[in-house]
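A.B. asks: Have a look at the structure that comes next, please.
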Amino acid sequence: MTLQEEIIRQLGVKASIDPKEEIRKTVDFLKAYLRKHSFLKTYVLGISGGQDSTLAGKLAQMAIAELREETGDQAYQFIAVRLPYGVQADEADAQKALAFIAPDQTLTINIKAAVDGQVEALQAAGVEISDFNKGNIKARQRMISQYAIAGQMAGAVIGTDHAAENITGFFTKFGDGGADILPLFRLNKRQGKALLKVLGADAALYEKVPTADLEDQKPGLADEVALGVTYQDIDDYLEGKLISKVAQATIEKWWHKGQHKRHLPITIFDDFWK
């Protein structure tokens, strides 16, 4: 088995999908998890205005609405959370995503004071934080807020990790990589886009340039620039297609580099890192 085949196997990616089937499968999965865990009544998810959180949020709201109708239990709720750092440049996209999702509840927590306070505390201790690491603090602070909300609201936190993100390790460890349930796992970027099209999302929500937008000094830095490879190449690779040797080498480099993010903290019994 080639490395490409092994990665595809691990991430469960299909070469082609039926978007309607995947929508139904995901909604049923989200419903089943809450039914199995009777102490949970809500899903919590940060909404950025990008493709991934828009899709995960819409599917979560659909699942919650169906659960309420099927059980008569009005305690089932989907809580969308806006988590800007100061003023978000593409706030209009976030509001467009919220209008599409139509969440039961929307909370807004501005993380700027918490992030800046942490950076200042570190500086006071003599630790200077790079702009890149400050970006990771932002991602982790967003999860702190989401887990606080989930803890108070009998909730589970939804993550937006999907195959094209997982293969590159393009997420912050214990930040956006920390979640309870991953409804988009197995889908690549273009497949997620296909689901949004079927769901009737505004094209602007899935055609915009993907960006983590974590660094102050590189606002709106495109994912593809940061990774040095296009999502088209990543998606083709995940669908078992041939791509250029340069693109393949870049993708596989990120796969190896990000292995630690796909595992629980390393113990003496682990050998994947050797």
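Indices start at 1 and increase along the chain as displayed.
Every residue gets a Cβ built from N, Cα and C, even glycine.
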A.B. asks: Besides Gly46, Ile47, Ser48, Gly49, Gly50, Gln51, Asp52, Ser53, Thr160, Thr211, which of Lys25, Lys138, Lys189 does Swiss-Prot list for that ATP site?
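C.D. replies: The one candidate that Swiss-Prot places in that ATP site: Lys189.
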A.B. asks: Look at the deamido-NAD(+) binding annotation in Swiss-Prot, where Lys173, Asp180, His260, Lys261 are given, and name the residue from Arg140, Arg142, Arg186, Arg190 listed for that site too.
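C.D. replies: Candidate in the recorded deamido-NAD(+) site: Arg140.
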A.B. asks: Considering each pair of residues in Arg140, Lys173, Asp180, His260, Lys261, all listed as binding deamido-NAD(+), report the largest CA to CA distance in Å, no decimals.
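C.D. replies: Across Arg140, Lys173, Asp180, His260, Lys261, the two farthest Cα atoms sit 18 Å apart.
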A.B. asks: On a C-alpha basis, identify the one among Gly46, Ser48, Gly50, Asp52, Thr211 that is nearest to Arg140 (deamido-NAD(+) binding site); the candidates are the binding-site residues.
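C.D. replies: Of the binding-site residues Gly46, Ser48, Gly50, Asp52, Thr211, Gly46 has its Cα closest to that of Arg140 (deamido-NAD(+) binding site).
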A.B. asks: Quick check on the binding-site residues: of Glu165, Asp180, whose CB has the lowest count of neighbouring CB atoms inside 10 Å?
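C.D. replies: Counting other Cβ atoms within 10 Å of each of the binding-site residues Glu165, Asp180 gives the minimum at Asp180.
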A.B. asks: To the nearest whole angstrom, what is the C-alpha distance linking Thr160 (ATP binding site) and Lys261 (deamido-NAD(+) binding site)?
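C.D. replies: Lys261 (deamido-NAD(+) binding site) has its Cα 15 Å from the Cα of Thr160 (ATP binding site).
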A.B. asks: Which one, from the binding-site residues Gly46, Gly50, has the smallest tally of other C-beta atoms lying within 10 Å of its C-beta?
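C.D. replies: Taking Gly46, Gly50 as the binding-site residues, the minimal 10 Å Cβ count falls on Gly50.
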